[in-house]
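For ASP157, HIS197, ASP205, LYS402, HIS407, THR449, ASN488, ALA489, ARG525, the entry in TrEMBL reads substrate binding site. The active site, proton donor annotation in TrEMBL covers GLU289. Annotated active site, proton acceptor per TrEMBL: GLU487, in sequence order.
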Amino acid sequence: MALNLAHQIGSLAGTQIAAEVTTGEQSSSATANVSGVRKVPLANLRCNAPGEALSPPILTPPLTPRSAENRPAMMSPSLSAACQAFGTLSPLETAEESSASVAWKEGGKKEEKKGVPVYVMMPLDSVTNGNTVNRKKAMNASLHALKSAGVEGIMIDVWWGLVEWEAPGAYNWGGYAELLEMAKKHGLKVQAVMSFHQCGGNVGDSCTIPLPKWVTGEIEKDPDLAYTDQWGRRNYEYLSLGCDTLPVLKGRTPVQCYADFMRAFRDNFKHLLGDTIVEIQVGMGPAGELRYPSYPEANGTWKFPGIGAFQCYDKYMLSSLKAAAEAAGKPEWGSTGPTDAGHYNNWPEDTPFFKKEGGGWNTPYGEFFLTWYSQMLLEHGARILSSATLIFDGAGVKISVKVAGIHWHYGTRSHAPELTAGYYNTRYRDGYLPIAQMLARHGAVFNFTCIEMRDHEQPQDALCAPEKLVKQVALATGAAQVPLAGENALPRYDEYAHEQILRASSLNVDGSAVDREMCAFTYLRMNPSLFHPDNWRRFVAFVKKMNEGKGARRCWEEVEREAEQFVHVTQPFIQEAAVALMH
């Protein structure tokens, strides 16, 4: 028997929908019943016997209802009713229960909800320089499409350089207030990124948003506020952590500025915290990552897979290095960083410092310098996290920190690109466990990139190993009992990447059957390509598979067939989202 439109979408949403749903009116029988979930081994993503009996689909949690007046006018009545049914909330689920379903135990284990919620990164320029929502019509259509596909929420960069552009303490939240209300209207959760870095100069940066003009004015007066390499090149993406505790920004320290910004965000959006805004990701370096700007792409300074360069040559970093050397009883080590570590685009064996045999990295001096360099980064992260956890205490949000997935030259002994970025990770030392332990002490989530990559897809002459790196991070976070979340480093729309994300997010890294998954996955990024029919179909299937979790027994083809039906019936507003984003 042919299914009507509501049944088609209802089967994808994991809800039981009444046969008759009228426009502008919610049927009382359109409710969702969440079944119990059995623990079963991770199934093969592919099925070899199409005719074999399949277990009933594991139902996804009910979604928030949308009122009739909030539905876009472009939708036909039948499609509107169907999509309303898709987002039906069971009357049996209270707000308290919904909140509890995403709560976390120590070590990243979920208390109730199964599966990995998927968020989607918004365009970097979602808010304009004039503090309005960019391409509002496209944004509205896109958010509606994402919600209909079962996406949990969105990630939004809250740019320091937009909000506090004019003067210290003068915050303009206009565009963000509007965008967050749009997310709330569509029933989407929000990961808000406190973006204290410049946009522009990194992989995927599609626009330029500098630091606040009053900050750049202070940098012009004192260039050493910017990270500096051994050749005197300044990097203006993020303030040097060497001046974290010095009142160099019109009487305030950088850490105080970051704290004041977060406090103002909390006060302005307190009515959305814990409900719409569920996570605060705290930016701690270039691209919002806890690292040094060791591989800047701007002006062709660095190209993949170069080793990068140490960023410790501003006067504030050198002053700290000098003090550390004197404290270690080696004052001669405190005048400069390594001078034999090559250039940005060298490879490890090109340099005396990073070469495998007799390299300076594996000498007493190298161990001293790398310990200091990485410890400075950890202390930087701890300072900002201490402020963030205090500011958002009791707000009902998670705090997270992003760590870069530097997978090139991972197969070498020295792991040079990781060392220049501030991660003291070598063949003989775990550099991610100290980061995980620091985050655990502050109750923060460890967010990691390059989840979509496979080793053999990367240049093997550069000994790239993203899968091995992700495994190491998963083991480190497990040992530190800190939740792990993931992101894809580069835009990918293919099924091969989706399967790798599914595999990595299950966290079956050591062969154990521990009930642990990633706490969330954030998909990079919403753009017109995502809404291409083939890409959208694959994305919808991917989201559903992620929501079902590691215990799901259904095969990929079955999910894709459902996704194809969904794409067909929702084509009008998906097409509108794609077209609107291109203008």
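A Cβ is built for glycine as well, from the same backbone N, Cα and C atoms used for every other residue.
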Query raised in the report: About how far apart, in whole Å, are the alpha carbons (Cα) of ARG525 (substrate binding site) and the residue listed as 'active site, proton acceptor'?
Result: 10
Report task. Write down the Cα-Cα distance for ASP157 (substrate binding site) and GLU289 (active site, proton donor), rounded and given in Å. Result -> 13
Query raised in the report: In this structure, which of the binding-site residues HIS407, ARG525 has the fewest other Cβ atoms within 10 Å of its Cβ?
Result: ARG525
Query raised in the report: Relative to the Cβ position of the residue listed as 'active site, proton acceptor', how many further Cβ atoms are located within 10 Å?
Result: 22
Query raised in the report: When you measure from the Cβ of ASN488 (substrate binding site), how many other Cβ atoms are you left with inside 10 Å?
Result: 23
Requested in this report: Count the other Cβ atoms sitting within 10 Å of the Cβ of ASP157 (substrate binding site), across every protein chain shown.
Outcome: 25
Query raised in the report: Could you state the CA-to-CA distance between the residue listed as 'active site, proton acceptor' and HIS407 (substrate binding site) to the nearest Å?
Result: 14
**Report entry** Other C-beta atoms that fall within 10 angstroms of the C-beta of the residue listed as 'active site, proton donor'
**Finding:** 24
